[in-house]
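Over in Swiss-Prot, the protein carries these features:
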SIGNAL    1-41  signal peptide
CARBOHYD  Asn88  N-linked glycosylation site
CARBOHYD  Asn110  N-linked glycosylation site
DISULFID  Cys142-Cys152  disulfide bond
CARBOHYD  Asn174  N-linked glycosylation site
CARBOHYD  Asn231  N-linked glycosylation site
CARBOHYD  Asn436  N-linked glycosylation site
CARBOHYD  Asn465  N-linked glycosylation site
DISULFID  Cys492-Cys495  disulfide bond
CARBOHYD  Asn515  N-linked glycosylation site
Amino acid sequence: MVAPMYGSPGGRLARAVTRALALALVLALLVGLFLSGLTGAIPTPRGQRGRGMPVPPASRCRSLLLDPETGQLRLVDGRHPDAVAWANLTNAIRETGWAFLELHTNGRFNDSLQAYAAGVVEAAVSEELIYMYWMNTVVNYCGPFEYEVGYCERLKNFLEANLEWMQKEMELNNGSAYWHQVRLTLLQLKGLEDSYEGSVAFPTGKFTVKPLGFLLLQISGDLEDLEVALNKTKTNHAMGSGSCSALIKLLPGQRDLLVAHNTWHSYQYMLRIMKKYWFQFREGPQAESTRAPGNKVIFSSYPGTIFSCDDFYILGSGLVTLETTIGNKNPALWKYVQPTGCVLEWMRNVVANRLALDGDSWADIFKRFNSGTYNNQWMIVDYKAFVPGGPSPGRRVLTVLEQIPGMVVVADRTSELYQKTYWASYNIPSFESVFNASGLPALVARYGPWFSYDGSPRAQIFRRNHSLVHDLDSMMRLMRYNDFLHDPLSLCKACTPKPNGENAISARSDLNPANGSYPFQALHQRSHGGIDVKVTSTALAKALRLLAVSGPTWDQLPPFQWSTSPFSGMLHMGQPDLRKFSPIEVSWD
């Protein structure tokens, strides 16, 4: 076929289309430049500018020093004994699927300076990973080409109002341990942001963080609910989508108590860091206040994220805390999501982890200022109350908390754990009042037992297979389990084909056929599944250690490989192409 000349009718049409496309591109670029300030777009790391894709070093250690005469803060290489804080990053992502970050602060300095310094040194050692993670996950959030003006303005206004309300509460309650920890958390985030931008200066008065800057990395869980509450037209959350599996297993004879968690997430998020924070914070702002019990914490996390987000924590207080998301399907409850009177979930879990000594105190701290966002079932395991080989203490070993907008329900589940020998969590509320209030009965009526607490696929698999767990290795196998092509409990009767990769302890939704027929979004083909497992035991938790594996399960299935997957075009900077890693033991000297 001969291409039409511009003078012909077809040529004039081609020329008009070309001009329109060029104009659209220019406008898109201008809009992108205009909106970059609103979205908090981040620059390439300073040392990598002009060199293409940033390349993180195999290891890096940096310290933040305070000049006693000038009061100036200065970043230096290496670990210095007089530093306000130091951090070391070992990048083994290509070898194990994990980078490892160790961060210490110095108790000779006040809490506020320690917190700010913690953020500074973390960004200083992980800036390349932060850049790549941002590009993979949130660069277009409220940004060019995917911008919803109304929603993004509402989100920005909500976050600004919430930050302002918290600032007032910190001023009004300047002797409160709770608000002291909130302030330290925000200072740590401020230090992270300042350090990445190359403008380190401790804020001596009021300070703020950018509502659509690095705060976006902290509120990824809260955003799932804020999007709905603030009427975002297009949300990324698939109806029915699972978000983590967890199992607490009492071994025969009560000889050990194992705690395990696997995170379900979009595969773009598989740039992982295992973190160790050793803070020297006091509980409250007073000089005579004692050290916070949760200053030592090990957790699975992500670049630029100062909490777990999975969530899974091993704490120096003897607690292990973890959650799976239960969400909210009842539109009438979104009225409880307000910018004032609430602290977003990510920050409440940081404060509870740092201040609590047991499950009761953890729940009391966490349920204050319920935001109604990132609605989860939390499990608080207190290893101090567990006696290996002993009878049930009756209470304190396991506390379960469930949150939805306007409601938090808490109960001690120790007796049930000892009676059944396991507690499983799989994104469905266990409390009847929460289940009913969250709108799930309507989904059960429409779609059947897939949405029910006892009848969902994972509920049935855990009930059938928990007795196979007798040590750490068998716990790891169960938490990686996905034999959806052969397991009758993985069948979806309303699907074509019936076997479904979502219906397993560790999902592999990428393996569902793109041309299949499915009753709701969670069962479709998606770049989504279980992306890790973390397991600890009585002895490991006491030593702040764990077993961990990174990447989608490949025990019964082929390993995930970006280049051969249907999602090869998705941005996944810094990630290995083939995810075929074995479990490792995570420990620090």
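Our numbering is plain: 1 for the first residue shown, then up by one each step along the chain.
Cβ from N, Cα, C; glycine included.
In terms of C-alpha distance, the listed glycosylation sites Asn110, Asn174, Asn515 place Asn110 closest to Asn88 (N-linked glycosylation site). Considering only the glycosylation sites Asn231, Asn436, Asn515, the Cβ with the fewest other Cβ atoms within 10 Å is that of Asn515.
Taking the C-alpha positions, the distance from Cys152 (disulfide bond) to Cys495 (disulfide bond) comes to 36 Å. Distance between Cα atoms for Cys495 (disulfide bond) and Asn515 (N-linked glycosylation site): 11 Å, as a whole number. Shown are the disulfide-bonded residues Cys152, Cys492, Cys495; the one with the most C-beta atoms within 10 angstroms of its own C-beta is Cys492. Candidate recorded positions: Asn110, Cys142, Asn231, Cys492. Nearest to Asn174 (N-linked glycosylation site) by Cα distance: Asn110. For Cys142 (disulfide bond), the nearest neighbour among the recorded positions Asn110, Asn436, Asn465, Cys492, Asn515, judged by Cα separation, is Asn515. Residue pair Asn231 (N-linked glycosylation site) / Cys492 (disulfide bond) shows a Cα separation of 31 Å. Taking Asn110, Asn436, Asn465, Cys492 as the recorded positions under consideration, the smallest Cα distance to Asn515 (N-linked glycosylation site) is found for Cys492. Here the CA atom of Cys492 (disulfide bond) lies 24 Å from the CA atom of Asn436 (N-linked glycosylation site). When other Cβ atoms within 10 Å of the Cβ of Asn110 (N-linked glycosylation site) are tallied across all protein chains shown, the result is 13.
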